[in-house]
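Visitor: First the structure, which I've put down as structure tokens, then a few questions once you've had a look.
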């Protein structure tokens, strides 16, 4: 009796609806998706195969170590770790995979930042925008990351580009949130001061709010980069190349050894990227 | 013509402020309106005008609406009603562009907590106002350096604000406000965050600067001493309304209502200090020895227009004025008896400051402090005000 009350409304076809919308988007916007897929795909291939992979590993390692040395305030720790870590990856024969992963992370994080910062600014400037965007961000972050792979495949097929797309959805929220937070945290008196001297909105933003919010925004970007990395691994399920694909294939063949080594490679990359972005933040703050 | 004129300036915070304004019209109090309509009355129909070159102090306790009022003047807070005329233009009805122009060219603000930009150097901070006007680099650097020099910070221009002490930071705040040479300076509790010694130093410096630059200054403070020291005129605020506007003396001598009176009494030293604390050593002439010629000479030396006359035992006989002495000399009158005046404002050494205000206010000559008919000292108008402001070399040890 009570159960029949629950069945008062027949099942709402949300899944069908979503599929329909996705199909519709795919059809109508293929004009948009196809060139993105082609150009971005070509560019990323070029970057990983014709740029990064052509740099002799030894030079790459030394360059990373030098940068590490200088951004960590002339301390040896990070530089030493970079040398040993990157050499280990090379030693295990994963250098090309590493370059693919680096390409994916760089492109995905760059796009996330380029899209995320303006949205963060918009949220900080407008209460309405904040009210609309906040729940969307929550949705984007809590939806299991695998789910994004499905529309990514629908729109962009398989390969690097859908990986970037999925990563964008998953990894952009921290940049948006931290940009918003950073700008809102700028003390009221400073904002008043810039208004009192007759700043335009843009002057206030670029001369006062963004410089003051920089440390917070950088913390958000650090989060975004780390999330991109984790998504890039997941994206191997839809054919994104890189270290993640090695992990996936060892999973499929239940090959503990290879899986561990590829996993360690990802951890090394993660630590280097994390320390790099954090140090850049410290130095500028 | 006044530089700034506020007419019925009001600010009500919260939803539907017009309704709250109507309740104010009906004579409801601030609390009643908060209860009934949920609105907070920030400023209630403030009207005043500030003349060019004047230091106009707005004084009140915290919550009296003074900080809101100063932000209404440059429209950091949008007024609910009323107008602010600056050089005859109504700021409250300006579009954004004109408002920016006024803020850039006509008025600058100095903030309580300095509000310096921590990532910019001192010089870059001082340049800020000119930078937003897109002034050429050379020019803004020159003007900023000049402003910093005026406040005595020429040697620190490449430091960051965090490296300076509070007093020096506020000098930067002042230099930043002066750099674009505004007509009007809004100073919101500018010295309140400084410790007392530095505060006094800054007050003195502001007075010094003001004597050469003659800006129109609106100065917000909760401190009566500061108001008395700086203000040409003082407006006292309570619960968002201005309760009295007047010169420091008018406020002290004729408090408009109980509130002002209590304010004045609570904050000032009039209860503790008596005549003996603020009196000075009198310049006198001796009636038994001196004639008009000596008296005149003594007055010229001391730069006085009148002088008390005593006998050899310092018993007060009266006073003479320079005019009378000069006339007496012409008419070859040899002694002082004939020109002696007797309408002496007199107090004894225990007389409270409060009574002294009343006496001194109407008196053209200094008040005489008398004990057993002897002249102990004199009190001039300036030392009463100064003592209230905590500045006089008060002879506390004599107390």
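Note that Cβ sites are derived from N, Cα and C of the backbone, with glycine treated the same way.
Unlike curated entries, TrEMBL annotations are predicted automatically.
Under the heading transmembrane segment, TrEMBL lists A:51-71, A:78-95, A:101-124, A:145-171, A:225-244, A:256-273. The feature domain 'ABC transmembrane type-1' is assigned by TrEMBL to A:98-277.
Can you walk me through where each of these features ends up in the structure?
Guide: Beyond the transmembrane segment (A:78-95), the same-chain residues lying 6 or more positions past its ends with a Cβ under 8 Å from any Cβ of the stretch are 53, 57, 60-62, 64-66, 68-69, 71-72, 243, 246, 261-262, 264-265, 268-269, 271-272, 275, 279.
Counting same-chain residues at least six beyond the ends of the transmembrane segment (A:101-124), those with a Cβ under 8 angstroms from any Cβ of the stretch are 40, 43-44, 47-48, 52, 130, 133-134, 160, 163-164, 167-168, 171-180, 182-184, 205, 209-210, 217, 220-221, 224-225, 228-229, 231-232, 235, 240, 242-244, 266, 269, 273.
Only residues 6 or more beyond the boundaries of the transmembrane segment (A:256-273), in the same chain, are considered here, and those with a CB under 8 A from a CB of the stretch are 64, 68, 78, 81-82, 85-86, 88-89, 92, 94, 97-98, 101-102, 105, 225-226, 229, 233, 243-244, 246-247, 249-250.
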Visitor: With a Cβ cut-off under 8 Å, give me the same-chain residues at least six positions beyond the ends of the transmembrane segment (A:51-71) that come close to it.
Guide: 78-83, 86-87, 90, 95-96, 99, 102-103, 272, 275-276, 279-280, 283
